[in-house]
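This report refers to the structure that appears directly beneath it.
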Amino acid sequence: MLAFNPLVTALAALIFLFCQANANPPLMQRLVHEYQWKTKQGLPRQGACTPHNLAVRREWSTLDVETRLEYIEAVKCLARLPSIIDPELAPGARSRFDDFQATHIRHTRTIHATGSFFAWHRHFVYLYEKALREECGYTGYQPYWEWSHWANLPITANPLYDGSNASLSGNGVYIPNRNGTLQLFPIPNPSPDTAIYTPPGTGGGYIYDGPLVDWELHLGPVLYSYDNGQYIPPNPRPDGLGYNPRPLIRDFNNTLLQQGASWDIILNMLVNVTDMHEFHPLFFQGPHLAGHIFISGVDNDIFTSPGDPLFWFHHAQVDRIWTIWQALDLETREYALDGTLTLLNCKNLPFRRILAGELTVCDDSTAQP
């Protein structure tokens, strides 16, 4: 079972240095260099963690094919290793990979749109990375996915999900004539009126190429999505933790990245958003959400999204952007939090209005005491 400190301190980010992808805008390059310099300046010259022995996370496209294949094999290894989570907590878990998804399912309502969102997922990615290295022999660190770099390029241009043997497999089979996906949000009394709508993308069915073509999900769904286009058998348990084997669905949609994670959006947040109470909701409903619904499939269920191995690249990038933002004013931002441990700190807030920018805080009538 995975153990968590409820609020992992922001200082934990300093053991990692994120190496940027090629061809980023000059402003982004300057911000990354400033973050890297400040990180190294803040470390002791001697000891267990120095500027000379930092762990470095890299963008997938900058890795050589040998390293990519090593990573893919480690992911498959986690999916082969038996689960160690308490079966009373997650009876459907069959593998070590499932253990991470089960943990995310169990904590979802306290780790999204809450004060613990960034720090909890930082530690979560670290534990997954640690399992890849210590249990499955991976010698690198968790790569990230630079959304903005790929948003305006053809989907197959990204070696992370181009369907090649050195990718994390590609898109799902294209299903035409769909109305999109409606995901109920986990607030009290959810309904289609308080749901997240995802327009149909370029897939919608099961993945059909690449090394994860036989990938099998065992947990979920928790939030059943309407008009998905591909039938998803319901889980035998209402909490989604029962055994429910099925293939992996994807529905890539670059338009969502262009609208939610473009360079303009990312750079505006890094340069102009200086307060955590503004940065958190803007980032959560913008780049964070855009990456998930670009992938779609299991990522259209906020509980079960770690069931797709692309989740870990997405959240490594989430952590990277937060890390850069922190480093630009570390004295103020290192321990800055926004929110409580109650999702949205609301009893029943229409989430669509938040996505549309109409609401960023709860009304007094909906706030938790």
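Glycine residues also receive a Cβ, built from the backbone N, Cα and C atoms like all the rest.
Under the heading signal peptide, Swiss-Prot lists 1-23, citing sequence analysis as support. Summarising the annotation, Swiss-Prot assigns Cu cation A binding site to H112, H121 and lists similarity to another entry as the type of evidence. Annotated N-linked glycosylation site per Swiss-Prot: N165, N179, N253, N272, in sequence order. Marked as Cu cation B binding site by Swiss-Prot on the basis of similarity to another entry: H315.
Checking Cα-Cα distances from H121 (Cu cation A binding site) against the recorded positions (N179, N253, N272, H315) with a 10 Å cut-off leaves H315, in sequence order. Taking the C-alpha positions, the distance from N272 (N-linked glycosylation site) to the residue listed as 'Cu cation B binding site' comes to 22 Å. It is 14 Å from the Cα atom of N179 (N-linked glycosylation site) to that of N253 (N-linked glycosylation site). Of all the recorded positions listed here (H112, N165, N253), H112 has the Cα closest to the Cα of H315 (Cu cation B binding site). The C-beta environment of N253 (N-linked glycosylation site), restricted to residues of the same chain at least 6 apart in sequence and closer than 8 Å, consists of T198, P199, P200, G201, T202, I293, F294, S296. With a 10 A radius on its CB, H315 (Cu cation B binding site) counts 23 other CB atoms from all the protein chains. Under DSSP, H121 (Cu cation A binding site) is assigned to a helix (H, G or I) in the three-state scheme. In the three-state DSSP assignment, the secondary structure recorded for N179 (N-linked glycosylation site) is coil.
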